[in-house]
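Since the structure comes first, as C-alpha cells, the remarks are kept for the end.
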Amino acid sequence: MPSIRFGDIPRDKSVPQQDKRTASPTHLLPLRCFAPSASAAGRCLLHQQEAATSSNGVSDQISRHSGGETMDEAAAGQRASPLLAKNDGSSYGEESQSLLEEQEPQVKTKQSGWRAPSIILGLECLESMAFNGIATNLVVYIRSVLHGGIASSASTSSLWYGTSFFVPILGATIADTYWGNYKTVLISFIIKVIMKYRCTFQGTVFITVGAFLPSAPALCNTESCSSMNGTQHLVYFSGLYLTAIGCGGVRSALLPLGADQFNNDSSLDIQKRRNFFSLFYICVIFGVITSGTIVVWIQENVSWAIGYGVATACIALALIGFLVGTPIFRRHEPHGSPVRSVFQVIVASFRNLALELPADSSLLYEVRRKNTQKSEPKLAHTDDFRFLDKAAIMSDLSLDQDSCTSPWRICTVTQVEELKILIRLLPIWATGIFFCVGISQMHTTFIQQGTVMNTKIGSLSIPAASLYSFEVICVTFWVFLVNKVIIPVTRACFANGAEMTQLQRIGIGRFLMIFAMAIAAFLEMKRLESVQGGDQPLSIAWQLPQYFIIAGAECFTIITQLEFFHGQAPDSMKSMLTAFALLTTALGNYFSSAIITLIARVTGTWHSPGWIPDDLNKGHLDYYYWCLAAISAVNFVVYIYFASKYKLKKAVIQV
C-alpha cells in the first residue's frame, strides 16, 4: 500500500510488521509539529523525548523513529509511516465501518455474539418499566396521596421529569472522564434500588397514616389538607430526585455500553450494532407501555405501595442481571475529561492567534501515548474551522518558554478534530429538537383531539390515550420494514451495493414529520366541518394514519440519530453525545409547551377563544397543526443544508 502522508501514528501491534529487526526500544516516529526552523523542530523533538521518559504532558508518549534519520529530517516530515485512512462514513451508509478489515484480510477480528447485548436489552426493558412506573402516574400520586394542589402537582411532576432528562449529561461526563460506562451503570443501578425502596416505603407510610385519618379526603384543595409534614416531604422528594440521578447514569451509559459489545472492525458486527440500536429503542417504548398499563392499574386499583414495589422489583432484577452479565461484558476505560480537552483547544487557538498555519497539514502536532498495548486510531485532519488548527502549531516561542509539553499551549490534531466534530454535530442536534416538538404531540394534542371524536370502534370504547400503544406497535413494524425490506432494496438498486446513509435516513424521518402534521391538520379540518354541520363526530380510528406516519418518522430519525451520534462521537465523548441525543426529547417537549402557550395567548387576543380553547369545537386546532407542519418543513430544509455540508469522522490507522 502506498504511504499516506499524515503524521506520526504508531504501528498497531496487532498488525504484523514488515521488518521486526528494525524494531527497538528507541523506535522513533516522524515529528508532527510546525516550527519556523529545523533547529526549533529538533529542540521540540528533544523536549518530547524528555517528556516521554517522565510521562508528563501531552507529548509524553513519543518514541524514536527507526532508520537513523536526523532531527531536521524528522521535523521536515520527509519520511512518514504507512497509514490507512478509516472513513467513518462510507458510501454504504456504515458510518462506523472500518476499512482495515477490507485492506488487511490477514487481520482476524473476532465477531461478537448476542449474549452481552441481549442482557443489556433486558436491563433496558426493566429500567424503562421502573422509571415510567414512577413518572407516568407521579402527578396523580402527589395530588391524591400527598394532597398537593392541581397546579403544584403538575409543576412538581414536570420539573422532576425534565430533571431526569438533563441529569444524563452529568452522568455522561462522569462516565467519559472517571468511571467508564460499566461502573457508571453499576453505581446508578444501586442508587436507584435504594431510592426506589425509600419511595416505596414512604408511600406505604403515607397510605397507612391516611387509613387512620378517615376525615381527610383523597383529593382536596384546602390549606389544612395540602400542608404536610416537612420531614416526610424531604424524605420522599430527596429519594425521588436521587432516583432521577440514578436514571441519569443509566441512560447515559447503558446504551454506549451495549454498543461497545460489538467490534468496529467487523462488517457483520456493524450490522448487529444497527439492529441493537433499533431493539434498544423498542425496549424503551415497551417499558413505557407496560408501566402505563399494568403498573398504573396496580397503583390506582390495588395499592400505591405495591405499584412502587413493582418498580423497585424491576430495578432490583436489573441490578442482579447486570451483575450476572459482568464476566461477559466488554469494558472500555475512560479517556479523560472531554470538557477539559475542548477548552484546551480553544485556549491554545487564541494563544497561537498570531502564528501562521502551515500549508502542509501533516506538519501540525500529533502524538501517541507510550506503553499502550494497541495503537488508538487518530482523527484525520479536515480543512474546515481552520482557526482551531492554530492550537496544533509548534513555535520557537513555545519552545523557548519550555511550554512544548503544555496542553494549554499546544494540542494534538486529534484534539482539534474532536472539537470540530462537536461543532458539526450541533446543527444536526438542534434540528432534532424541533423534530421532537412534533413527536410530543402524541402525548398532548393528539390525545385532546381524540377525546372530542367518537371513541367507539364497533362495540369497543377506545380511550384516546391508548392509541399511543398502536404507535408503539407501528414503530416495531417500521423497524422490521426498514431493516428487512427498505435497506436491502436500496442496496440492490444502488450502484456497488450502496445503501442509504444514516444522514439520509434521518432526513427521511424529518420529511415524514411534515406529512404527519399535515394529516393531523386535515383530519381536524374535517372534524370541525362535521361538528359545524351537525353530523356525527368522526371516528377516532381516523387518527390511526397520523400515528402510523409519525411512527415511521420516529423509526427513521430517533433510532438512527442515536446510532449516528454514537458513531460520530470521539472515543472520549461517546456517553456524552448519546446523552445529548436523548436530550432532544426533553427539549422538544419544552419547546412544544412554549409554542402551545404562545399560540394560545396570541390567538386568544386576536380572536376569542383562540385556536386552542378548552372546547376544541370552538377553536382551530387545525391551524396549530398547519403551523407545526410549516415548522417541520423549515426544519427539514435547514437539516438538508447542514447534512449536505457535514464531513464524516475519519480515523487514521497505521498498517
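The backbone N, Cα and C atoms fix where each Cβ goes, glycine too.
All annotation found in TrEMBL is predicted automatically rather than curated by experts.
As annotated by TrEMBL, region 'Disordered' applies to 1-27 (among others).
For 8-22, the entry in TrEMBL reads compositional bias 'Basic and acidic residues'.
The region 'Disordered' feature in TrEMBL is assigned to 55-106 (among others).
Taken from TrEMBL, the feature transmembrane segment applies to 159-179 (among others). Long-range neighbours of the transmembrane segment (159-179) within the same chain, counting only residues 6 or more positions beyond its ends whose Cβ lies under 8 Å from a Cβ of the stretch, are 131, 135, 138, 187-188, 240-241, 244-245, 247-253, 256, 334-339, 572-580, 582-583, 585-586, 589-590.
Per TrEMBL, transmembrane segment is recorded for 199-219 (among others).
For 234-255 (among others), the entry in TrEMBL reads transmembrane segment. Long-range contacts of the transmembrane segment (234-255) within the same chain: residues 120, 123-124, 127, 131, 134, 146, 160, 163-164, 166-172, 174-175, 181-182, 184-185, 187-192, 194-196, 198-199, 202-203, 277, 280, 562, 566, 575-576, 578-579, 582, each at least 6 residues beyond the stretch ends and with a Cβ under 8 Å from a Cβ of the stretch.
Under the heading transmembrane segment, TrEMBL lists 276-298 (among others).
Under the heading transmembrane segment, TrEMBL lists 304-324 (among others).
Long-range neighbours of the transmembrane segment (425-447) within the same chain, counting only residues 6 or more positions beyond its ends whose Cβ lies under 8 Å from a Cβ of the stretch, are 464-465, 467-468, 471, 503, 506, 509-510, 513, 516-517, 520, 543, 546-547, 550, 553-554, 557-558, 561, 564-565, 568, 577, 580-581, 584-585, 587-589, 591-592, 595-596, 612, 621, 624-625, 628, 631-632, 635, 638-639, 642-643, 646. Feature annotation from TrEMBL assigns transmembrane segment to 425-447 (among others).
Taken from TrEMBL, the feature transmembrane segment applies to 467-487 (among others).
Look at TrEMBL and you will find 508-525 (among others) tagged as transmembrane segment.
For 545-565 (among others), the entry in TrEMBL reads transmembrane segment.
Residues or ranges marked as transmembrane segment in TrEMBL: 577-603 (among others). Long-range contacts of the transmembrane segment (577-603) within its own chain (CB-CB distance under 8 A, at least 6 residues past either end) are made by residues 161-162, 165-166, 168-169, 171-172, 248, 251-252, 255-256, 425, 429, 432-441, 443-445, 558, 561-562, 565-566, 568-569, 610-612, 620, 623-624, 627-628.
Same-chain neighbours of the transmembrane segment (623-642): 427-428, 431, 434-435, 437-438, 441, 445, 506-507, 510-511, 513-514, 517-518, 520-521, 524, 595-596, 599, 603, 611-612, counting only residues six or more beyond its ends whose CB sits under 8 Å from a CB of the stretch. Per TrEMBL, the feature transmembrane segment maps to 623-642 (among others).
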Same-chain residues near the transmembrane segment (545-565), Cβ under 8 Å, at least 6 residues beyond its ends: 95, 255, 273-274, 277-278, 280-281, 425, 428-429, 432, 435, 438-439, 441-442, 446, 467-468, 470-472, 474-475, 477-479, 482, 502-503, 505-506, 508-510, 512-513, 515-516, 519-520, 523, 577-578, 580-582, 584-585
Distal contacts, the transmembrane segment (467-487) - CB-CB under 8 A, six or more residues away: 93, 274-275, 278-279, 281-282, 285-286, 288-289, 292-293, 442-443, 446-447, 450, 499-500, 505, 540, 543-544, 547-548, 550-552, 554-556, 559
